[in-house]
Amino acid sequence: MNYLFKNGRYMNEEGKIVATDLLVQDGKIAKVAENITADNAEVIDVNGKLIAPGLVDVHVHLREPGGEHKETIETGTLAAAKGGFTTICAMPNTRPVPDCREHMEDLQKRIEEKAHVNVLPYGAITVRQAGSEMTDFETLKELGAFAFTDDGVGVQDANMMLAAMKRAAKLDMAVVAHCEENTLINKGCVHEGKFSEKHGLNGIPSVCESVHIARDILLAEAADCHYHVCHVSTKGSVRVIRDAKRAGIKVTAEVTPHHLVLCEDDIPSADPNFKMNPPLRGKEDHAALIEGLLDGTIDMIATDHAPHTAEEKAQGIERAPFGITGFETAFPLLYTNLVKKGVITLEQLIQFLTEKPADTFGLEAGRLKEGRAADITIIDLEQEEEIDPTTFLSKGKNTPFAGWKCQGWPVMTIVGGKIAWQKESALV
């Protein structure tokens, strides 16, 4: 099916929001211009809505294989499509881990059969993510690994991390890191700060993250490797990443929507839906994350979509697993709380969710360019809705944002020229 989207707006190559039509033919973007006509295409009048590149998320947890009670590739990618994401990168903390040919081939087969959006799987750095034996990077790259990470646990052994970075550099691949110094975690379930003290909870100190990032940055410099930092959350982390970039070290970084919107002061009680890793930090940390995003220290926004069951989250804040679901709330949360409040511009938000992650990892995505795959999201910037977890397509309903009123909701998502999801009656 060919589609002609009429009367939309998009961000052009100069970074300006302008009027446009967009023609999709044979799964590709055929033309982006005003006043397009086409005889062999279904016309969809988007009536002034935003025509955006499909959103790109480099940090997601689909749970399959091994955690299908939390999420599956099918439910997770449907949720991604509903959130406007057309390319997502799946973390390897599954069971089994994609750490060898057999496991990666099985994962790729599942993706091919079940995914509703483009899914790029990470390869594990170490076998079973146990930290003691490196995987075969060459084989995992051959089988389509997006990059290498032991996300969820991090690589504690510096010698192992250096060896991994050297091997990844030879393959022109990135090493992506969840940064925690295990000896500093202190069995914490929240940030070590006012909230942990008030509720008598073990806290995770900020230095737990920043000291690990500092170590890895020096290792990356020694290995001449592209090193990407997951979910930055502290002022100290922003500082060391900024200094590393100024020194010319190949480091990039991401921040989550929840760390941009919330801090520990926003936690109403010991609610497990506010438990994520890294935890919500203090006001100064939150301000540093915004500053880092604006000055280029932090390159992109990634959801860290981490679904869990209601039963798991009901165990209380100390026993419940870390993580919140993120696909279906990311854009409206960021648009409402950052763009509408003048913290960043709409153009910047689009870049942080599309071209910045795509360019950082060399993906042919994130831009509405003629000849590229038609990965497109239509967003109604005027639509206001209340976040209702019962409507999520994700199996995970675990969100701290239930009841929040937000504007800027995706209404249609196109992947490879096919409609992957659309809001009923939104474009008729």
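The backbone N, Cα and C atoms fix where each Cβ goes, and this holds for glycine too.
The feature Zn(2+) 1 binding site is assigned by Swiss-Prot to H59, H61, D151, D304. With a 10 A radius on its CB, D151 (Zn(2+) 1 binding site) counts 21 other CB atoms from all the protein chains.
Residue environment of N277 (substrate binding site) contains 20 other Cβ atoms, counted within 10 Å of its Cβ in all protein chains. N277 (substrate binding site) carries neither a helix nor a strand DSSP state and counts as coil. Annotated substrate binding site per Swiss-Prot: H61, L62, R63, N93, N277, H308, F322, G323, in sequence order.
Summarising the annotation, Swiss-Prot assigns Zn(2+) 2 binding site to D151, H178, H231 and lists sequence analysis as the type of evidence. DSSP assigns H178 (Zn(2+) 2 binding site) to coil in the three-state reduction, outside any helix or strand. The Cβ of H178 (Zn(2+) 2 binding site) has 22 other Cβ atoms within 10 Å, all protein chains considered.
Residues near D304 (Zn(2+) 1 binding site) in space but far in sequence (CB under 8 A, at least 6 apart, same chain), listed by position: H59, V60, H61, C230, H231, T256, M276, G323, G326. Sequence annotations record features per position, and here Swiss-Prot assigns active site to D304.
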Site diameter for substrate, Å, by largest Cα distance between H61, L62, R63, N93, N277, H308, F322, G323: 17
H178 (Zn(2+) 2 binding site) versus N277 (substrate binding site) - Cα distance in angstrom: 9
Sparsest-packed of the listed binding-site residues (H59, H231, H308, F322, G323) - C-beta count within 10 angstroms: F322
Per DSSP, three-state class assigned to H59 (Zn(2+) 1 binding site): strand
Neighbours of H59, H61, D151, D304 excl. site residues, C-beta within 8 Å of centre, Zn(2+) 1: V60, M91, G152, H178, C230, H231, A302, T303, H305, A306
